[in-house]
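*Asks:* Handing you this structure, nothing more for now.
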Amino acid sequence: MRGARLMGALLALAGLLQGALALRMAAFNIRTFGETKMSNATLSKYIVQILSRYDVAVVQEVRDSHLTAVGKLLDTLNQDDPNAYHYVVSEPLGRSSYKERYLFLFRPDRVSVLDSYQYDDGCEPCGNDTFSREPAIVRFHSPLTEVKEFAVVPLHAAPLDAVAEIDALYDVYLDVQHKWDLEDIVLMGDFNAGCSYVAASQWSSIRLRTNPAFQWLIPDTADTTSTSTHCAYDRIVVAGSQLQHAVVPESAAPFNFQVAYGLSSQLAQAISDHYPVEVTLKRA
């Protein structure tokens, strides 16, 4: 137990030191994030502690139709500084009555939002749309890092459609390129890109994987889950030479908050069944 606590303390210290020197981004699928979770003092405490590590974070599985939980989250993040975090949130997304939002949290003293838009993947009532939850895309200006502008494309893929949705991210990438004349793009989130949802034989049919323009920063061998499974569901993919050069070597990884904070397995899973995946960009 002492060894686990020491490792957790070292991870936390390393995170603080690295965060002071660069820009840290993450994608975090917080299972069923809504009013119930934010009303639980213990769970909300750790969610805020985790998200406070990041300068830019994309939260997935936001189940908050009236943005009440999002408001509570921002109030807590900003309790010591009312401008510590700002946010951009998508409309509720989904083909049925079940809807989720993408939530972008960012520190305005580190980055600013230049533009945003909702990707149009087709007609949902017609049954010819591509994504269960089509990406909402944000373009950031980052004056403190080597790369000054980049876009973030999130995806929470439907598990049974993971192969098709990950492949279709290539089309989203092209759309962002064309719309903003921008090469430096981060695609990240819970792609469900592992275990039974993407077989080894299927990777060759996924353009986002086979095209050498893309660097996959989270390897297939990673475990991004807090449960007993060992699956690399959550990924970070970067495109654009400036952005790829700006990535701090070996900074991309899942953040195991169970180890870092010395939590029980039960509490860790109550926070979420996923760990955040994170990456750090070099300062200019």
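Placed from the backbone N, Cα and C atoms, the Cβ positions cover glycine too.
Swiss-Prot lists C123-C126, C195-C231 with the feature disulfide bond, giving similarity to another entry as the kind of evidence. According to Swiss-Prot, the N-linked glycosylation site annotation covers N40, N128, on the basis of sequence analysis. As annotated by Swiss-Prot, signal peptide applies to 1-22, with the evidence given as similarity to another entry. According to Swiss-Prot, the site 'Involved in actin-binding' annotation covers E35, V89, on the basis of similarity to another entry.
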*Asks:* Does anything in the same chain, at least 6 positions from N128 (N-linked glycosylation site), have a Cβ under 8 Å from its Cβ, and if so what?
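*Replies:* Residues satisfying the criterion: G122.
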*Asks:* According to DSSP, does N128 (N-linked glycosylation site) fall in a helix, a strand, or coil?
*Replies:* coil
*Asks:* Report the nearest neighbour of V89 (site 'Involved in actin-binding') in space among the recorded positions E35, N40, C123, C126, C195, comparing Cα positions.
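*Replies:* Nearest by Cα distance to V89 (site 'Involved in actin-binding'): E35.
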*Asks:* For the disulfide-bonded residues listed here (C126, C195, C231), which one has the lowest count of neighbouring CB atoms within 10 Å of its own CB?
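*Replies:* Least crowded of the disulfide-bonded residues C126, C195, C231, by Cβ count within 10 Å, is C126.
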*Asks:* If you measure from the Cα of N40 (N-linked glycosylation site), which of the disulfide-bonded residues C123, C195, C231 is the nearest?
*Replies:* C231
*Asks:* Name the one residue among C123, C126, C195, C231 whose Cα is closest in three-dimensional space to that of E35 (site 'Involved in actin-binding'); these are the disulfide-bonded residues.
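*Replies:* If we rank C123, C126, C195, C231 by Cα distance to E35 (site 'Involved in actin-binding'), first place goes to C231.
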*Asks:* V89 (site 'Involved in actin-binding') has how many other Cβ neighbours within 10 Å of its own Cβ?
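*Replies:* Result for V89 (site 'Involved in actin-binding'): 17 neighbouring Cβ atoms inside 10 Å.
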